[in-house]
Amino acid sequence: MTMIALNREVETQSLKKLSLKSVRRAREIFSPVHGQFPQPDPESKRIRLCHKIQVAFGGVEPASKPTRIADHNSEKTAPLKALALPGPKGSKELRKSATEKALVVGPTLPPRDLNNTGNPGKSTAILPAPGSFSERNLSTAALMERMPSRWPRPEWHAPWKNYRVLQGHLGWVRSVAFDPSNEWFCTGSADRTIKIWDVATGVLKLTLTGHIGQVRGLAVSNRHTYMFSAGDDKQVKCWDLEQNKVIRSYHGHLHGVYCLALHPTLDVVLTGGRDSVCRVWDIRTKMQIFVLPHDSDVFSVLARPTDPQVITGSHDSTIKFWDLRYGKSMATITNHKKTVRAMALHPKENDFVSASADNIKKFSLPKGEFCHNMLSLQRDIINAVAVNEDGVMVTGGDKGGLWFWDWKSGHNFQRAETIVQPGSLESEAGIYAACYDQTGSRLVTCEGDKTIKMWKEDEDATPETHPLNFKPPKEIRRF
């Protein structure tokens, strides 16, 4: 057979014949009607229609006997009959299998109206079917565990309103921190000063000078009478609040310092900045303990009493967990695609959120597992995030948008827009820092129009006046 195949002559084709064949093929592919749909196939249409009827009416069977009408005073129920529906041609096998897979429904009551006798040849009762629910070929079985039923419903929160505006700074207000006693709070500004304000009255109590650049980070210790500040002048300072002066300075940053955090249980202060590292300092000795590197600027840092004790967010779009015992990275989160400019820990729960221009994401601790995105997209560069114990999270953007969220579900229940002060530009409506007081009932925002705004919940609001408009998502994103 092989020899015969080899000896068979190959038919030669002329160049003209090959050219005509190529032209014919091109016309078949690129003809003007190539974008039109082909004529429907009757056999395919019939099979598709039979399948749809089986899926929709697979649990119904044509009635064999007419249903008798019961007296309206009788307590007896109507006999169980099947709904009489016409089936497709040649669907005897489908109706036979439908009898075995009928929908389970309890006995139906007869109509109350005696005048409405109906057609005695048809019945609307449904037959019970044997077998478990998983054995039935019903289209609704796949909808039993839908996404909305499993998504947590948000709690109702009263809307927040602005009740006080503080003026005094001569530049953008970039940082804020509350006193542990909740009597005063401090703000740092681009005018290189730190101002201390009374929480109850909003009166300016003190102005501290010492930085030669804008103050980007503030923190007040709950274990000592110290306040820490960091700025664009590459300096980190420790202030004695009893003497109102600088008692220590921490030198080592090569560029401006963007963020600052205090460890809750150790005498350690953490600072991150433009030199792409987070530095760990000993408060008393002023020694640099560790240098925690990133690939770009470090914009946010968090400190926790348990592992991971240090969490940093960077311009390289990553979040890193650090082991403070050895100064080594424990994990790297790469869910974000943009700069991670702000992060916040929940005061009670073991979760934290990170804010970026692409989304606001919630992670669980200690492993950093992704929980979910917030259900709305704030189309701003988010500079500030804060969370209180009641589960109200607030985010502030560079365009003046102040959004309030439910922590549990990620539902955005309020969107507020700040109003710039007279004499300021519209571009100065950005929010650069936000912080709740120790009770979580008051909120302070620092803005680009050189003002500080204080917010509180609307006491007159009720669920009736401000109803909860919540729509659960249709799917969960995995990243």
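A Cβ is built for glycine as well, from the same backbone N, Cα and C atoms used for every other residue.
The motif 'DWD box 2' annotation in Swiss-Prot falls on one of the ranges 54-69, 102-117, 310-325, namely 310-325.
Range 269-284 is the one annotated as motif 'DWD box 1', of 141-156, 269-284, 285-300 (source: Swiss-Prot). According to DSSP, the repeat 'WD 3' (252-282) comprises 0 helix, 18 strand, 13 coil. Residue counts of the repeat 'WD 4' (293-323) by helix, strand and coil are 0 helix, 17 strand, 14 coil (DSSP-based). Broken down with DSSP, the repeat 'WD 5' (335-364) shows 0 helix, 17 strand, 13 coil.
Long-range contacts of the region 'Disordered' (458-479) within its own chain (CB-CB distance under 8 A, at least 6 residues past either end) are made by residues 147-148, 151, 153-154, 156, 158-161, 335, 370, 372-373, 375, 409, 411, 413.
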